[in-house]
Amino acid sequence: RESPAMKFQRQHMDSGNSPGNNPNYCNQMMMRRKMTQGRCKPVNTFVHESLEDVKAVCSQKNVLCKNGRTNCYESNSTMHITDCRQTGSSKYPNCAYKTSQKEKHIIVACEGNPYVPVHFDNSV
């Protein structure tokens, strides 16, 4: 079974890669990373930084998660990310996404031992 840490990596990590100016990046990646099976995941963020740098966020600035839990952390520096948002007209099984590249601080929820990211909460 996929662990929460592995699920985070599958859904959110795309190290050393960037969409460049490929408008189909999200369509390809959401499918490749199995987020269009059974339904279209409406919103997802990919982080284009090393796994080490993203894991390190778990020891950075402690902030409140959207759901009120206290195990979220905000990155000290901005990171290169891509937001994928399902387009209004797309319907399962033909999931279609808009690709937006951003430089933002990421907020992740961490748990376990070792203490690692298990949920992407937000970007600011």
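The first residue you see is number 1, and the count goes up from there.
Glycine too: its Cβ is placed from the backbone N, Cα and C atoms.
According to Swiss-Prot, CYS40 forms a disulfide bond with CYS95, chosen from CYS84, CYS95. Within the same chain, the residues at least 6 positions away from VAL43 (substrate binding site) whose Cβ sits under 8 Å from its Cβ are ASP83, CYS84, ARG85, GLN86, listed in sequence order.
Sorted by the number of other CB atoms within 10 A, the disulfide-bonded residues CYS40, CYS58, CYS65, CYS72, CYS95 start with CYS65, the lowest. Residues 29, 46-51, 80, 82, 99, 101 of the same chain lie 6+ residues outside the compositional bias 'Polar residues' (14-23) yet bring a C-beta within less than 8 angstroms of a C-beta in it.
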